[in-house]
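Read through the structure below, which is laid out as structure tokens, and then see the notes.
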Amino acid sequence: MIRKTRLFTPGPTPLLPAAQFAMAAADIHHRTPEFRALYQRVLEQLKAFVGTKNDVLLLASSGTGAMEASVSNLTSPGDHVLVLSAGKFGERWTAITKAFGCVVDTLTAPNGETFSLAEVKAHIKPETKAVFVQATESSTGVRHDVEGIAKLIQEIGSNALLVVDAITGLGTTHFDVDGSGIDVIIGGSQKAVMIPPGLAYLALSDKAWAATETSKNPRYYFDLRKERKNALKGESSYTPAVALIAALGAALDYIAAQGGGDLAAGRKALVDNAETCAAMTRAAVEALGLKLFGPTAPAAAATAILPPESVDSGVIVKELKSRFAAVVTNGQGEMKGQIFRIAHIGFFDYMDTIAIIAALEQVAVSTLKIPNFQFGQAVAAAQKAYVEATTAKKQEAEPVGAR
Ligand SMILES: *Cc1c(COP(=O)(O)O)cnc(C)c1O
């Protein structure tokens, strides 16, 4: 059969065609009224997408640029910070905060697990200036309770800023960003917003903005104060990624359309969609007789799956690619060969999810030789999970704007 390439990776994720067309047509100069209008519109849309009253800034960088900017703009060398790390992206927080001279206490959870609030509480000291965490740890498919951590910081009267890498959390997790007390929330273009890599975005609370004024770190390209001043005028400090910004506008229009024209409702639909795809996948995994890598706190961004014992996960990754042109990801770092990951973040739907599960059934029969497995078992489980997820969602549907 012919093969049609499809990404099932947690970034880059599949591209929205309307966003690709918008990119191709974005032949405009950035110091013009046309661009200023586009930029201001997209920044406003992003605010609604993130669900914050704070200004959202766009940076021409991959997601890590916004992670670095949040460290360089909010901390000073010698500051005590806490990093909550449960995988490769948690390790990145430790590396960045150390690079900027912070005194770093890293609370580590084993790969595939999350932290208890009691553990987190024990690590927040009077001198802790900031807490860094992922909303979802893409390397393990685990979700962290960032709203719980935000509440905890307030309850114990800590002054620490909470900085959340929500690069795969946005669009897969219901957040009350301002209400829960998240100080910095960070997103990336190649994840939920369905466009290519190259843009990072972030929003800062008033408390975080105050910290940018006292930080002693040198800043130039990632000077958030300068970026905010310019953004208010519809400008970016340097040449913006014009084509990606046009694509982002088109993608946010699409997300709004999924919510009947309202971006907050569209975001909710997108999160519910990822939740449903994830629930279908988890049910299929169980029906295949395989195990989830992070069963206690599974993220809706991606599902991490353990291959049968004695099978290298790379075999499954390779076979899905060679037979069906379906690109799923292996484990990162020390998890390579141990797990494989199927993404649900962004432009995935029911059809995509059923298809990857059916392809996985083919691999299960031809290669994994799972005893007693028959075609249709995993698909049937996913079908049931779909019905359950979508009928439950309808019952608890909130009125638009309730969040
Ligand atoms: C993708 C991702 C990032 C950003 O990585 P970049 O390669 O810099 O875009 C950061 N954190 C998480 C959790 C991610 O999934």
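Placed from the backbone N, Cα and C atoms, the Cβ positions cover glycine too.
Positions annotated as substrate binding site by TrEMBL: R341. Marked as domain 'Aminotransferase class V' by TrEMBL: 26-272. According to TrEMBL, the feature N6-(pyridoxal phosphate)lysine maps to K191.
Across the structure, R341 (substrate binding site) and K191 (N6-(pyridoxal phosphate)lysine) are spaced 15 Å apart at their Cα atoms. Residues within less than 8 Å, Cβ to Cβ, of K191 (N6-(pyridoxal phosphate)lysine) and separated from it by at least 6 positions along the same chain comprise P10, G11, T13, G63, I167, T168, L170, G171, A301, I345, G346.
Every protein chain considered, the tally of other Cβ atoms within 10 Å of the Cβ of R341 (substrate binding site) stands at 25. Under DSSP, K191 (N6-(pyridoxal phosphate)lysine) is assigned to coil, being neither helix nor strand in the three-state scheme.
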